[in-house]
Amino acid sequence: MTSAVGNTGMAAPQRVAALNRPNMVSVGTIVFLSQELMFFAGLFAMYFVSRANGLANGSWGEQTDHLNVPYALLITVILVSSSVTCQFGVFAAERGDVYGLRKWFLVTIILGSIFVIGQGYEYITLVGHGLTIQSSVYGSAFFITTGFHALHVIAGVMAFVVVLMRIHKSKFTPAQATAAMVVSYYWHFVDVVWIGLFITIYFIQ
């Protein structure tokens, strides 16, 4: 009797500990996004230091005249819209709606790809105006910050593709739903970073 009570008494704390134990996927995602946040914080710092130096020698303002703000706003709206469609996909995954998940993630992939292509077109236009990564301090700051962000967008698009391929090849499982949510966290993060870059580069200048 005592043994049974003792075992029950030991089992209860173990169950509580199991319930309170952090999900390793969540912890890993938080750690990864924290590292990414520090990386982009460094890029923002680099941009503002370059901006201060450029303003000091008078070479910064004339470079920003090449920016097409309405065009940048358009591709920004496209990227932000992809965050909305991504979240719709997550809602579908939580309901076990595989068709909805596929549909919304596919739309997200298309919108993300349009953003990358749009940014590539902007690069071509700016290079045509003589603005390159080697042409000036501003050119270096612009292409480095936006270029690294574009690489993160491409990585996000590829992650969506991987999720869809895994869903297509096997039965939909809770693990796949979790993977979809983790990818969405990364995508929302990339979108928020771009909003910060857009405000900094195209409005504050």
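Note that Cβ sites are derived from N, Cα and C of the backbone, with glycine treated the same way.
These features come from Swiss-Prot:
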TRANSMEM  29-49  transmembrane segment
TRANSMEM  72-92  transmembrane segment
TRANSMEM  104-124  transmembrane segment
TRANSMEM  142-162  transmembrane segment
TRANSMEM  184-204  transmembrane segment
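Residues 29, 32-33, 36-37, 40, 44, 47-48, 67, 69, 72-73, 76, 79-80, 82-83, 86-87, 89-90, 108, 112, 142, 145-146, 149, 152-153, 156, 159-160 of the same chain lie 6 or more positions beyond the ends of the transmembrane segment (184-204) yet place their CB under 8 Å from a CB of it.
When each of the listed stretches 72-92, 104-124, 142-162 is scored by C-beta pairs under 8 angstroms to the transmembrane segment (29-49), 142-162 comes out highest. Under 8 Å from some Cβ of the transmembrane segment (104-124) lie the Cβ atoms of residues 68, 71-72, 74-75, 78-79, 81-82, 85-86, 88-89, 92, 143, 146, 150, 153-154, 156-157, 160-161, 163-164, 180, 187, all in the same chain and six or more residues away from its ends.
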